[in-house]
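These come from Swiss-Prot:
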type	residues	note
MOD_RES	A2	N-acetylalanine
TRANSMEM	47-69	transmembrane segment
TRANSMEM	84-103	transmembrane segment
TRANSMEM	123-145	transmembrane segment
TRANSMEM	150-172	transmembrane segment
TRANSMEM	179-201	transmembrane segment
TRANSMEM	221-243	transmembrane segment
TRANSMEM	256-278	transmembrane segment
TRANSMEM	291-310	transmembrane segment
TRANSMEM	317-339	transmembrane segment
TRANSMEM	344-366	transmembrane segment
Amino acid sequence: MAGYEYVSPEQLAGFDKYKYSAVDTNPLSLYVMHPFWNTIVKVFPTWLAPNLITFSGFLLVVFNFLLMAYFDPDFYASAPGHKHVPDWVWIVVGILNFVAYTLDGVDGKQARRTNSSTPLGELFDHGLDSWSCVYFVVTVYSIFGRGSTGVSVFVLYLLLWVVLFSFILSHWEKYNTGILFLPWGYDISQVTISFVYIVTAVVGVEAWYEPFLFNFLYRDLFTAMIIGCALCVTLPMSLLNFFRSYKNNTLKLNSVYEAMVPLFSPCLLFILSTAWILWSPSDILELHPRVFYFMVGTAFANSTCQLIVCQMSSTRCPTLNWLLVPLFLVVLVVNLGVASYVESILLYTLTTAFTLAHIHYGVRVVKQLSSHFQIYPFSLRKPNSDULGMEEKNIGL
């Protein structure tokens, strides 16, 4: 598996023909954030590789996730009667979240500024974004947590899926239309949540216990905003863009079945993970919510990355992500009845396997495309083909 090549020769040829096409109509992005990013990008030296900026932002998101996992492992820290997350942690998380969002906004501008734009850069950016979804949602959950003043772990599980499906819809659109319509919800959510983290440090988590309108709690507003944004903005706009392309006869695929193929694995992942929760003899989501969320988010990111590769290379998306086979077997075993400790071992084993498999997939795809385009992923220096090929062989990946 060390030298396994995930990107086929057909897909590599498709990447050679790829041209970036995106539409951003979000007023916040157009009139506030882009001017801000245009100023910020000038701070970066011209020798700094865009992918290094992208990866740095991703690492900040992961750091926030780990920091909050340390102070709030089971999502009870914001509940009454429990030891709360220190105020300085909220400030750090808020600042780092906004910095990560800023880095995600300037990486493409740095690529154009240094004349180093490649399909690898876009794939690297959007691939990491797909994994960031679970880190972002789970970290935000600590603001309210579970308990009498929060939301249940199952409700958060459903909200996580709302975010995941909202993310993949944009890439499903591009798979079918050839154009990436950037979602409005991303910019709004990043700016809002960064602000809310800081406010939490100032007013304390107790401020979120109180109703802000009649008996409508802030946790209800949190839930309503996520669902409302998905149902009233993301989904309608995705369907509108799809049907516009259908009406203009510009869809890349002629079959409804083929158009829906990219959504099969994510939907199956939702069905299997939900079945596990409902059939779990030990109530696995209550026992290990953070690990379960991470397992789902990692498997989802892997399916999304496969879609992005196919979308960018104009090749057919695989119907089934094979990571779902072991998940199916685990759900089958759980349904037959197992001891609580066995189910926990299965969850941790599966999560570890998914994580290693996804990291391997990402590393191999980046190395393949780096070799194909004759570039280094984290440097603007240009290697010759012999040196790059020898380097990859020596690394043994």
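Here the Cβ of each residue, glycine as well, is placed from N, Cα and C on the backbone.
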Apart from its near flanks, which chain residues at least 6 from the ends of the transmembrane segment (256-278) lie with a Cβ under 8 angstroms of it? 154, 157, 161, 164-165, 168, 171-172, 175-176, 284-285, 292, 295-296, 299-300, 303-304, 306-307, 310-311, 316-321, 324, 327-328, 330-331, 334-335
Determine whether the transmembrane segment (123-145) and the transmembrane segment (317-339) share at least three Cβ pairs under 8 Å, counting only pairs 6 or more apart in sequence. no
Could you tell me what the rest of the chain brings near the transmembrane segment (84-103), counting residues at least six beyond its ends with Cβ under 8 Å? 36-37, 40, 53-54, 56-58, 60-61, 63-64, 67-68, 71-72, 77-78, 136, 139, 142, 190-191, 193-198, 200-202, 204-205
Long-range Cβ contacts under 8 Å made by the transmembrane segment (291-310), restricted to residues 6 or more beyond its ends, are 6-7, 11, 123, 126-127, 130-131, 133-135, 137-138, 156-157, 160-161, 164, 167-168, 171-172, 175, 262, 265-266, 269, 273, 277, 284-285, 316-318, 321, 323-324, 327, 347-348, 350-351, 354-355, 357-358, 361-362, 365
Can you name the far-off residues of the same chain, 6+ from the ends of the transmembrane segment (150-172), with a Cβ under 8 Å from a Cβ of it? 75, 78-79, 126, 129-130, 133-134, 136-138, 141, 144, 180-183, 185, 219, 222-223, 226-227, 229-230, 234-235, 238, 262-263, 266, 270, 277, 285-286, 289, 292-293, 296-297, 300, 303-304, 307-308, 311
For the transmembrane segment (179-201), distant same-chain residues with Cβ under 8 A (at least six beyond the ends): 21-26, 28-29, 33, 87-91, 93-95, 97-98, 101, 136, 140, 143, 166-167, 169-171, 173, 207-208, 229-230, 233-234, 237-238, 241, 245
